[in-house]
């Protein structure tokens, strides 16, 4: 292999890739969309609210971020998006399951308990939470990732076939003979969370939904192997998102070393660089992986992974 193939411009080249990101109008979804698009990909961003998606698209580098209104918990919406992208491009190379919600209605007893707490109040606080609210967290954070993946399965498969044909044509032009055809295979990346690893917080349903999503994606990596579709997980720590915005403002983006050895929130370059790595030749050998992007948060919690 010559040196040119090992340069950053070759290793991380994603020119012409087609990506879909759920929850792509804000937060981590937007950070990843901008990074992919800035490096040559065409990116469809999905979300329930059209206005934030349209504003997000204005932040593109090359005018190649495309907003599509869609609820990830609606079969009809998902089918509509699949049909739209099939008509426009006919395939995708990357699906990022990023849409997520937090545990609703957290309050004074959503921290680590102490013996001073009135156990009757603790009981009432948790017992009277809504079953529907908690079910909605699993519906969005876990079930929807599976549904969205299967919705786009045929387009991911067509992405593989297109990449394989392009690789064959390239080999023929270069006189490579009948060497094995290699290409970057289609991929699903699901955003989990460090909250799915720890066991010392009280966001019970959120943490459980993210732990379930992580495990489910490992299952899916095995299930989709016959079609050569890869599945990986990114488990982010603290980033300045809608979900963590108030905490970011309160801390000025700084964290104690006991919480994260890097002592700060992650930024757009770090989550953006992660998704570009996974989408490119540099990350093409990754499958069934859980990648922690957390500034060391989980490493501070022994036996958590």
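Each Cβ is built from the backbone N, Cα and C atoms, and glycine gets one as well.
For residue 192 (active site, proton donor), the number of other Cβ atoms no farther than 10 Å from its own Cβ, over all displayed protein chains, is 28. The active site, proton donor annotation in Swiss-Prot covers 192.
Here the Cβ of residue 206 (active site, proton acceptor) has 24 other Cβ atoms within 10 Å, regardless of which shown protein chain they belong to. Annotated active site, proton acceptor per Swiss-Prot: 206, in sequence order.
According to Swiss-Prot, the feature active site, lowers pKa of active site Tyr maps to 210, an assignment based on similarity to another entry. According to its DSSP assignment, residue 210 (active site, lowers pKa of active site Tyr) is helical.
In the three-state DSSP reading, residue 28 (NADP(+) binding site) counts as helix. If you look up Swiss-Prot, you'll see 28, 98, 206, 210, 241 marked as NADP(+) binding site, on the strength of similarity to another entry.
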Distance [Cα-Cα, Å, rounded] between residue 98 (NADP(+) binding site) and residue 192 (active site, proton donor): 8
Cα distance (Å, whole number) from residue 241 (NADP(+) binding site) to residue 210 (active site, lowers pKa of active site Tyr): 17
Listed in sequence order, residues not in 28, 98, 206, 210, 241 with Cβ within 8 Å of the centre of the NADP(+) site Cβ atoms: 23, 27, 100, 141, 191, 192, 193, 236, 243
Rounded Cα separation (Å) that holds between residue 28 (NADP(+) binding site) and residue 192 (active site, proton donor): 12
Inter-residue Cα distance where the pair is residue 206 (active site, proton acceptor) and residue 241 (NADP(+) binding site), in Å: 16
Where residue 98 (NADP(+) binding site) sits in the secondary structure, as DSSP reduces it to three classes: coil
